[in-house]
Amino acid sequence: MCFLVRAADAISFTAAVTASSSILTKAFPNNVATVLGSLETFSGLGLVLGPPIGGFLYQSFGYEMPFIILGCIILLMVPLNMCILPNYESDPGEHSFWKLITLPKVALIAFVINALSSCLGFLDPTLSLFVLEKFNLPAGYVGLVFLGLALSYAISSPLFGLLSDKMPHLRKWFLVFGNLITAGCYILLGPVPFLHIKSQLWLLVLVLVVNGISSGMSVIPTFPEILSCAYENGFEEGLSTLALVSGLFSAMWSVGAFIGPILGGFLYEKIGFEWAAAIQGLWALTSVSNQPFIFIFFYVCGET
């Protein structure tokens, strides 16, 4: 039953995210990155507020109460969305999802999205166990460790969104340096043993803060870059193309969110958190360096 509920939750979540991204990009066509960056602020706030509120409800009222309250809130949002959200007419597009994903530049960005999502998903099953084991923190304080990542991501995302809209030529560099910094952060999370750096709580929190910033730097420019590439290759400017791009982004993010925790949990058990985090960081590094000549040709030179 739990698996069925989680599967239904995943399908509905993906549908909601894809539709909301399409509607927002249709409503604000000239400020796509800024709007998406602002949305990520609320995602970060949700990550910040969710654990303490959920923990309080769990301790005070039992296991079921957090889910009941959250479900009621989401249910109340349905009529509100029906009244507030605009109703856009959309004609079926001539281009397919397959044509979009086979564009070389889009395929590269899709791999970047997948790698970043996997890196963030890796932390879910591993970081709390590592903190409890390494620093002997009380269980109630473990959630506070994640605040550095969530807050820095929430604060930095609107800034990178604004910069991506105002200076589109910076997007490719945000992607490059964001992935490089993310890779460095995961190598330092443990840190990896060959660096001979002692693991300390303040260092872990600092690395998570930097990782939140680098994640915002890498994630926010991907959507407008895919959209620009689609338009440059003949896709019509309309809701059908926006839906294709939103669907691609959600699909790649979901695949990474599926792979990251599974791979992270497996590596954590086999080789420990330090090496597992370093290997996960290499995935982010690989997303911009596994095929350097293709990357230079399609990105730095501005080819599509």
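Cβ atoms here come from the backbone N, Cα and C positions, even for glycine.
For 103-304, the entry in TrEMBL reads domain 'Major facilitator superfamily (MFS) profile'. The transmembrane segment annotation in TrEMBL covers 67-88, 108-132, 139-161, 173-189, 201-223, 243-268, 275-300.
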Can you name the far-off residues of the same chain, 6+ from the ends of the transmembrane segment (173-189), with a Cβ under 8 Å from a Cβ of it?
109, 112, 115-116, 119, 122, 127, 160, 163-164, 195, 197, 203-204, 207-208, 210-211, 213-222, 225, 273-274, 277-278, 280-282, 284-285, 287-288, 299
For the transmembrane segment (139-161), distant same-chain residues with Cβ under 8 A (at least six beyond the ends):
33-38, 40-45, 47-48, 51-52, 55, 123, 127-128, 131-132, 174, 201, 204-206, 208-213, 215-217, 219-221
